[in-house]
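J.: Okay, here's the structure, questions in a sec.
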């Protein structure tokens with residue numbers, strides 16, 4: 001997820017919260033009664049906990065996945081553990097934006113936290129892989145509401161003069177959680193159980209919800225818009241959500257089945273691919289028909305910056321999340337590291353991302369032009385992904401530390417720039433909408449391409465096992481957890497299977513290389529513009 005940007009803070013300073021978020025007529029800032037002192041501190045603590053929670057959940061599971069595959073006896077669902085969360089996180093961004101506009105702000109936020117907690121609870125008690133995936137999907141729906149709701153509550157709680165600083169604090173919370181996630185997940189998995197990666201969400205979410213419930217008092221300007229329920233339903237774009245979810249699920253199922261569980265020419269695989277195409281066309285027609293009521297208002301894509309920023313973040317975030325989810329598998333299955341050790345070993349990637357994402361925001365504020373950061377970040381990530389492709393059974397620490405550091409720097413330089421660039425070229429009334437659009441493409445990239453990496457990994461793994469160990473069932477290998485290989489296989493068999501794992505991971509990293517390369521090319525389409533330029537994107541239709 002994109003961190004809150006400098007430009008977003010500047011935009012907020014120039015508008016009343018209800019103007020851009022709640023859909024009401026602008027009210028003078030002096031009429032707003034903002035909390036202060038202890039009340040404000042407690043509200044901010046609740047919001048920081050909420051954002052920490054969401055950021056933590058995007059990364060904490062990465063180092064736990066190999067151990068999860070041990071318990072559920074399959075490596076075929078690795079991609080779904082990330083994709084299910086990102087898919088619903090992306091698809092319900094616009095829906096929650098409408099919910100906060102038409103329903104009471106505090107109750108809506110608490111409902112989002114409750115939904116996230118229910119999803120986390122399902123994950124924590126899951127007895128099989130399917131239940132875990134369902135829990136991740138439910139948690140993603142709640143996470144979408146928490147992320148947008150947190151910034152809405154902040155806008156109604158903090159005076160514009162202090163809002164930029166508070167937004168920066170939320171960004172810091174996000175970055176800390178993103179770095180801590182793999183470490184915490186690895187520690188839980190090694191010393192207790194991977195289920196604590198989800199149990200931990202319950203007390204943190206409870207504290208956040210309790211603080212907001214007690215201390216946040218929604219001002220009159222935050223009152224829900226009085227609109228008939230039929231109109232509210234239309235504004236939610238339920239048809240768009242159903243069509244989009246159906247299309248992406250068809251595509252993900254085709255990736256999961258094709259080449260491993262079923263042949264690519266199998267009727268089920270072909271049928272899901274055809275269904276994906278038809279549903280995607282229907283979704284596009286639906287969005288064009290609904291216009292301003294659509295999940296993704298088409299008029300905003302008439303501008304070069306928003307179009308190419310969205311496409312860039314779609315491919316670029318896919319590359320990032322693919323590396324984040326599959327490097328722990330390399331460390332734990334191939335190198336024999338524990339879950340906690342693999343969390344430490346991914347620090348060059350996540351630390352580089354966190355540090356240079358902060359730096360890129362400062363640099364962009366100085367130079368103004370965003371294309372150089374997009375291009376440089378894309379080039380570094382492409383090269384680093386290519387270097388990670390060379391990792392083998394005997395690769396040393398110097399290699400994986402240096403390659404990850406380069407990837408982290410490249411990702412950090414560019415990952416939040418599309419959000420800042422898009423926010424800089426729209427008017428205040430479109431700020432929340434364009435933010436949701438960029439976040440949608442970022443999360444959708446994670447959902448689709450983590451699963452694409454899974455397909456590449458599994459297909460290659462099965463092919464290598466069938467080629468070199470014809471007497472061993474490929475299903476036996478894929479049903480063996482990633483960290484159980486050493487105990488399940490021995491001698492020559494183990495050596496061949498580890499080499500097959502490396503070959504599968506290399507194919508997954510090829511996907512990351514291609515995605516980062518496409519993003520680099522797209523960076524040139526964003527245009528040589530400065531975030532300090534006058535806004536020129538299409539104006540909202542009346």
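First residue shown is number 1, and so on along the chain.
For all residues, glycine too, the Cβ spot is worked out from N, Cα and C.
Keep in mind it's a predicted model, so treat the numbers as computed, not measured.
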J.: From the ranges 12-32, 138-158, pick the one that Swiss-Prot records as transmembrane segment.
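T.: From Swiss-Prot, the annotated transmembrane segment range turns out to be 138-158.
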J.: Examine the transmembrane segment (36-56) against the transmembrane segment (138-158) and state whether at least 3 Cβ pairs sit under 8 A, considering only residue pairs 6 or more apart.
T.: yes
J.: With pairs closer than 6 in sequence left out, are the transmembrane segment (196-216) and the transmembrane segment (105-125) joined by 3 or more CB pairs under 8 Å?
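T.: Yes, the transmembrane segment (105-125) and the transmembrane segment (196-216) are in contact.
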J.: Considering only Cβ pairs under 8 Å, which range in 138-158, 168-188, 437-457, 508-528 makes the most contacts with the transmembrane segment (371-391)?
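T.: Most Cβ pairs under 8 Å with the transmembrane segment (371-391) come from 508-528.
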J.: Residues of the same chain, at least six outside the transmembrane segment (241-261), with any C-beta under 8 angstroms of its C-beta?
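T.: Result: 76, 79-80, 83, 87-88, 91-92, 95, 268-269, 272-273, 275-276, 279-280, 282-283, 286, 295, 444, 447-448, 451-452, 454-455, 458-459, 462, 478.
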J.: Same chain, outside the transmembrane segment (437-457) by at least 6, Cβ under 8 Å from its Cβ: which residues?
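T.: That would be 1-2, 76, 78-80, 82-87, 89-91, 93-94, 147, 248, 251-252, 255-256, 258-260, 295-296, 300, 306, 309-311, 313-322, 325-326, 418-419, 422, 504-505, 507-508, 510-512, 515.
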